[in-house]
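Noted in TrEMBL for the protein shown:
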- 12-29: transmembrane segment (TRANSMEM)
- 49-67: transmembrane segment (TRANSMEM)
- 88-114: transmembrane segment (TRANSMEM)
- 129-149: transmembrane segment (TRANSMEM)
- 161-181: transmembrane segment (TRANSMEM)
- 187-205: transmembrane segment (TRANSMEM)
- 226-248: transmembrane segment (TRANSMEM)
- 586-605: transmembrane segment (TRANSMEM)
- 617-637: transmembrane segment (TRANSMEM)
Amino acid sequence: MMTLFRKEFFDALRWVPLGAIAAAVLVWINLPTQLYTAAGADQTFVTQLGLAAALIAFALGLLQSLPDTRTESRGYLLHRTLTPANIFWAKVGAGLVAYAASLIIPVALAAVYLESKGLETLPTSAEQLVPFLCYSLLVFLLHPMAICIANRDARWLGTRVLPMVLLVAALFSVAVAIQSRFRWNDVGVLLLVYVGLIWLVLDASRHTFAVESFLPPASARRRYRFSLTSLLLLSSLVLVGVVVVTVVQSFPVPVQDFRQYRFAMDREGNWQQLQLDRSRSNWNSVDYALRSPQGSTEFEPLDDDWRGAPMTALADVTLPEGIAVSPFVYAGTFASGSDGSANAMVIHHDRVLAYVSGMGLSKVVTPDGVFDTAADATGRFRKVVFPTSFGGDLVEQYAQRTNPLIADADGVYQLDVNGWSIRQILDTPIDGLGLLFSKDSASVSLWTRTGDTLNQYRVSALSGEPQPPMLDDPSLYQLPVMTLDLVASYPISPVLPEEQIQVMQSPDGTHAVARLNLRTNAVRYRTLEPSAVTELDAVQLPANEYGNPEDAAVAWGIPPALSSVTAALAHFRRWDQTSDLDSTKLILYISLHAILAALVAYWLASSRGLGRTGRVGWTLLALLLGFGTLLAMIATFPKPVRVACPRCNQPRRVDLENCEHCGKPWEHPAPEGIEIFSDAIPQTAQRSETVS
């Protein structure tokens with residue numbers, strides 16, 4: 001087998017320089033040279049260099065397979081004293097070595113460049129190539145897939161390349177998922193899924209090369225294998241879903257506005273339901289309408305003199321968990337008031353790196369202090385994150401622009417970007433954060449949520465200077481270097497993951513809380529009391545209106561068993577948003593999809609000669625998975641060849657002994673020639689021979 005491996009490797013080796021040149025060009029184009037692209041270089045390598053790796057793997061597979069499909073080449077190859085399966089594994093092994101040889105030099109040069117820039121010039125490191133190296137192992141599956149395509153017995157190109165659809169979809173999904181952070185349970189699920197995908201591709205490709213390519217076109221039990229059939233079925237489901245969704249979304253639709261419902265308090269302390277109408281053509285154009293809190297009246301247009309009470313919707317502060325795929329996380333840009341420079345903050349291994357564009361590393365921030373170089377820095381944060389949002393009201397969101405807050409598992413810190421110092425202002429971790437502005441009194445309070453407790457803090461400047469004048473746009477508020485004084489703590493009932501906490505300030509100075517369930521649009525509200533948790537009043541808001549009702553037609557492309565996915569795609573909504581769901585039309589489409597697919601599947605199974613078990617099984621499968629099953633059946637079971645029966649003149653299958661219409665067997669050919677028996681050899685070795 002080593003002889004065949006060397007032969008295959010040296011045949012592929014002549015193409016390695018072309019692949020290496022293509023990979024080197026893409027590496028050179030995507031090497032980071034700017035501050036704002038350096039932190040995301042790992043994502044760029046996965047998408048751009050991953051494309052080059054995919055082309056190299058697929059091209060090597062075709063170059064190793066297409067020449068051997070010729071009669072003389074295949075005969076020479078199969079005369080070796082090796083099984084076809086061993087020949088397949090030799091091709092895959094040689095292709096893997098050639099694939100690695102094409103990428104190793106460009107990747108090594110990229111690692112040297114990234115490491116040479118170091119932390120002092122740009123936020124780069126050779127670690128940024130680790131996601132691509134992991135991704136490239138999965139990309140190599142395109143090599144055995146190319147062997148499968150080249151040797152697959154199919155009448156037309158569409159069904160020949162159909163098994164590759166699932167693999168391409170998986171590669172795209174990994175390219176997106178590998179750019180985020182994984183929890184440990186997510187890692188286990190992903191590994192299980194992609195180990196299964198690797199087995200499907202390798203086993204189906206081996207079966208195609210070693211078994212299917214030697215069988216006649218007639219149907220046979222050895223022709224079908226679970227891995228190949230599963231690969232065709234899953235690829236068909238993906239293809240049909242993508243095509244149908246793309247076609248439906250390409251239909252021209254009338255411009256439709258978005259309508260949202262919120263719960264608010266006016267300046268007099270009255271609770272009200274608020275209706276917001278936004279134009280799709282101009283999102284900033286909003287029309288407001290009000291009605292009573294319990295919905296007993298109709299919505300009426302908002303008066304010009306109506307003003308909402310000061311409020312804030314607490315932003316979630318989620319500490320990072322699991323495995324960080326990227327070694328660098330861009331956290332935002334914050335202005336320095338002393339020199340006006342913009343400091344880009346990058347999180348690297350639980351330290352905060354501050355960069356100034358064109359000047360390199362400015363400072364390294366840790367809980368121990370602020371340092372000039374990474375070598376001098378001591379200490380690390382624990383699960384550090386920048387709360388980039390300070391909540392907001394019905395119109396604006398408040399963002400950090402200077403003196404940012406830094407949260408970790410030990411509490412909350414504030415960084416002074418003018419004096420370059422860091423202070424811990426809270427010694428407990430937080431789950432939510434919001435700034436509440438009172439324009440009348442020009443005061444600011446900071447609200448945090450820790451578990452089931454809301455904490456109100458008075459914000460004061462550390463320097464003792466009075467608060468700056470309140471602007472009409474609170475989103476432009478500049479957070480001072482501050483001290484926090486605890487005003488009150490309010491116990492609340494446990495908060496659900498889909499709940500948004502909104503805090504309002506009534507005219508008498510007391511505060512109230514409204515808890516909006518983003519999934520059901522239900523609101524619970526009450527006045528905050530420091531003493532105990534009291535029962536909340538409940539209100540059910542109308543469902544938000546998004547998207548186009550005709551988008552429910554995507555149900556024709558999604559398996560009926562996945563009706564929840566159909567609903568999500570049909571209405572352009574995430575899990576934490578509500579929508580005006582046209583359930584009647586959606587259920588009708590899903591039912592028709594399942595019934596029509598089952599009927600056509602039964603007809604296809606009958607026309608291709610499947611037995612009773614096969615007909616029932618594929619019909620039930622089509623009932624659950626829809627039209628994608630039909631494409632898989634066409635690609636899996638070729639249409640039998642038929643000729644006219646001499647007795648009944650009906651078309652009968654050539655691969656069956658008896659006619660399926662009249663039962664007449666095939667007529668035996670007339671005997672010709674002379675049959676010779678030899679008496680000179682033992683009886684056990686005698687055989688009949690025909691000489692024509």
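Keep in mind that glycine also has a Cβ here, set from the backbone N, Cα and C atoms.
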Next item on the list: Given the cut-off of 8 Å on Cβ pairs that are 6 or more apart in sequence, determine whether the transmembrane segment (129-149) and the transmembrane segment (12-29) share at least 3 such pairs.
Entry: no
Check: Do at least three CB pairs under 8 A connect the transmembrane segment (12-29) and the transmembrane segment (88-114), leaving out pairs fewer than 6 apart in sequence?
Finding: yes
Margin query: Counting only residues 6 or more past its boundaries, what in the same chain has a CB within less than 8 Å of a CB in the transmembrane segment (226-248)?
Written below: 162-166, 169, 199-201, 203-204, 207-208, 212, 551, 553-554, 556-559, 569, 621, 625-632, 635-636
Check: Mind checking which residues reach the transmembrane segment (617-637)? Cβ under 8 Å, same chain, six or more beyond either end.
Finding: 154, 159, 162, 219, 224, 228-229, 232-233, 235-241, 556-561, 593-598, 600-602, 604-605, 608, 610
Check: What same-chain residues lie close to the transmembrane segment (586-605): Cβ under 8 Å, and 6 or more beyond its ends?
Finding: 552-553, 555-556, 560, 563, 566-567, 570, 614-615, 618-627, 629-630, 633-634, 637
